[in-house]
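Copied from Swiss-Prot, the annotated features are:
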BINDING   95, 96, 97, 98, 99, 100, 101, 102  ATP binding site
């Protein structure tokens, strides 16, 4: 079926890997193998080929969208007779735990910052906007961490709203996976970047998720382009367990780690623990809150084994 025929049946254009890779055109590779190695996650094999075939075409597409947005801003400034404020273009990246959102975000940050039109690219994760553990404990939400109710949504929305309003310096809280908590007094200042990449579980939620409050303002109201990183559930579970096992031998061995006790588990005990955590928390959150937002994304990247993207769907 041709792309034109597909477009009559779905709001998305669908590309297999080779079709998408061809859209790279003549965009040069601007990352070295060493730089790519530093960008990949603990559980991923990010290759030069993956960057060339998947992320370079995506960076080219985003550059077109961002350039168009800048032209639109210039038209508005000309109409109003004003000198425009620096308003960042916001890209959100959503998807399940362990799917590789952070790697996607880091690769895009590296690639987009090398385009001459927009050098300043900031990356913020929504983990920092989780309520502190003390608040979650008081509300009985420690086992709901990552669910919508565990976030300080008012602060997150104010953060993106201030950026889109041209506020010169906006602060974002920072999360530590070592202590499994928001770092007290650890705020990061974001000063009018050209692009902000916002990565997190909950960035695609819309008013449909809050039927009791039809006037609810959400992060998605301020996002210019949204990406959903997708994969089959059985792969997500496998990746989550494998990541847990690697943390057990790495980060969990740090005495300061919140999960230090997990480092003492046998491999069988660790697999059982990770499986329980996946089924009781992360899978539940995926089914209830994350997966239902997938079709709201501007672009859906679907992964197969080894975190290789096999299909891309782009909203018309």
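Any Cβ shown, glycine's included, is placed from N, Cα and C.
The structure displayed is predicted, hence computed values, not measured ones.
Locations of recorded Swiss-Prot features on the structure.
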residue	record	CB count, 10 Å
95	ATP binding site	29
96	ATP binding site	26
97	ATP binding site	19
98	ATP binding site	24
99	ATP binding site	26
100	ATP binding site	24
101	ATP binding site	23
102	ATP binding site	20
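A helical conformation is recorded for residue 102 (ATP binding site) in the three-state DSSP classification.
For the ATP site, the Cβ centre of 95, 96, 97, 98, 99, 100, 101, 102 serves as reference, and the other residues of the chain with Cβ at most 8 Å from it are 229, 236.
According to DSSP, residue 97 (ATP binding site) is assigned to coil rather than to any helix or strand.
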